[in-house]
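The domain 'Dihydrodipicolinate reductase N-terminal' annotation in TrEMBL covers 5-122. Per TrEMBL, the feature NAD(+) binding site maps to Gly11, Ala12, Thr13, Gly14, Arg15, Met16, Gly95, Thr96, Thr97, Ser119, Ala120, Asn121, Phe122. Per TrEMBL, domain 'Dihydrodipicolinate reductase C-terminal' is recorded for 125-260. Taken from TrEMBL, the feature active site, proton donor/acceptor covers His151. Sequence annotations record features per position, and here TrEMBL assigns (S)-2,3,4,5-tetrahydrodipicolinate binding site to His152, Gly161, Thr162. Per TrEMBL, active site, proton donor is recorded for Lys155.
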Amino acid sequence: MGEIVRVAVNGATGRMGRALLELLRRDRRFALVAAITAPDAPEMGAPVAHGSQLCFTHDWSAIGPLDVVIDFSGPDGLASALAHCEANGVALVVGTTGYGDELARRIDAAAARIAVLRSANFSLGVAVLARLLREASAALADWDLEIVEAHHGRKEDAPSGTALLLGESAAAARGVSLDAQAVYAREGRTGPRQPGTIGFAVVRGGDIVGEHTAMLIGQGERLELSHRATDRSIFARGAIEAAHWLAGKPAGAYGLDAMLAERSGR
Ligand SMILES: NC(=O)C1=CN([C@@H]2O[C@H](COP(=O)(O)OP(=O)(O)OC[C@H]3O[C@@H](n4cnc5c(N)ncnc54)[C@H](OP(=O)(O)O)[C@@H]3O)[C@@H](O)[C@H]2O)C=CC1
Ligand SMILES: O=C(O)C1=N[C@H](C(=O)O)C[C@H](O)C1
């Protein structure tokens, strides 16, 4: 898209929302049309930045024309963003994680009418990690796979969307379903590990931005693939690139891989 992209950020007062606003403020390719937050957010009505005319709002009906919404809110916020985008023919970038199957189905259905790009992780490193894990999981198909993730103490969903994305990638590479193979909790007398299962372990604390390790564990050796984010602006930067790429695209369900492939000419 050559012209200025009109964008709204949903979840604008959150950790990711703030990072997005900061980057968008300096990005001449975009016009920030709205910064939406929760109905009861204390920031409601306050300017988005010192001296800015634009104020935090929750009133979707008062928002002007848009090309794309970037959503990093939560399940309720995402449902509102989806409804607005569908009703107004606006593209939607979904960064929110942990929103459940019902909303996921609604997003899939909406992709028949609007362009939607979903990714549980907008970092380039994780996109490559998922690719490497697909290859390693297929090559080491009978090794045990455990996925360990660590995040800050305020994260509301577990396992992380990224851990699930990695589990899905590995399961697909092995020709199995993650739903059938996943083990999300172990406690007490669990008995021995069942072959072929994919285990998840979760760490929460302090200010950890986001860390993921996939362990492929054999007899006498182990392969570990790890990614560590140390600055959440990488996710914001990835989501902004995705929004710019998605604006003006025809209706459909897109992933980060499609954008990366198109950009690298593959
Ligand atoms: N895909 C990716 O690369 C990444 C995804 N994420 C995901 O993004 C989401 C947000 O993360 P993070 O920024 O850390 O979380 P925060 O809790 O810091 O931010 C969420 C924001 O959404 C607001 N909100 C809540 N309800 C609504 C609503 N109904 N409408 C509009 N806004 C609402 C919250 O307001 P209030 O606090 O007042 O309730 C808050 O400002 C999570 O699901 C997280 O897992 C995070 C990082 C990277
Ligand atoms: O909530 C977060 O912070 C993050 N959430 C995403 C996830 O659930 O995978 C991505 C990133 O790891 C940070």
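Numbers here mean position along the shown chain, with the first residue as 1.
Positions of Cβ are set from backbone N, Cα and C atoms, glycine also.
Automated prediction, rather than curation, is the source of TrEMBL annotations.
Recorded features from TrEMBL, shown on the structure.
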residue : record                                          : contacts (Cβ under 8 Å, 6+ apart)
Gly11   : NAD(+) binding site                             : Gly17, Ile36, Thr37, Asp71, Phe72, Ser73, Gly74, Gly77, Thr96
Thr13   : NAD(+) binding site                             : Ala35, Thr37, Ala38, Ala41, Glu43, Phe56
Gly95   : NAD(+) binding site                             : Met16, Ile70, Asp71, Phe72, Ser119, Ala120, Phe122, Phe235, Ala239
Thr97   : NAD(+) binding site                             : Ala120, Asp157, Ser160, Gly161, Thr162
His151  : active site, proton donor/acceptor              : Ser160, Val203, Arg204, Ile208, Val209, Gly210, Glu211
His152  : (S)-2,3,4,5-tetrahydrodipicolinate binding site : Arg204, Gly205, Gly206, Asp207, Ile208, Val209
Lys155  : active site, proton donor                       : Arg204
Mapped DSSP class for the residue listed as 'active site, proton donor/acceptor', helix or strand or coil: strand
Candidate with sparsest Cβ neighbourhood (10 Å radius) among Arg15, Ala120, Phe122, Gly161, Thr162, the listed binding-site residues: Arg15
Cβ under 6 Å from ligand 2: qualifying recorded positions of Gly95, His151, Lys155: His151, Lys155
Neighbourhood of ligand 1 - recorded positions from Gly11, Gly95, His151, His152, Thr162 with Cβ under 6 Å: Gly11, Gly95
Cβ within 8 Å of the mean position of the Cβ atoms of His152, Gly161, Thr162: remaining residues of the chain near (S)-2,3,4,5-tetrahydrodipicolinate: Thr97, Ala120, Asn121, Glu149, His151, Lys155, Asp157, Ser160, Ala163, Gly210, His212
Pairwise Cα distance maximum in Å, NAD(+)-binding residues per record: Gly11, Ala12, Thr13, Gly14, Arg15, Met16, Gly95, Thr96, Thr97, Ser119, Ala120, Asn121, Phe122: 20
Three-state composition of the domain 'Dihydrodipicolinate reductase C-terminal' (125-260), taking helix and strand from DSSP: 52 helix, 36 strand, 48 coil
Predicted model, mean pLDDT over the domain 'Dihydrodipicolinate reductase N-terminal' (5-122): 97
Residue distribution over DSSP helix, strand and coil in the domain 'Dihydrodipicolinate reductase N-terminal' (5-122): 39 helix, 29 strand, 50 coil
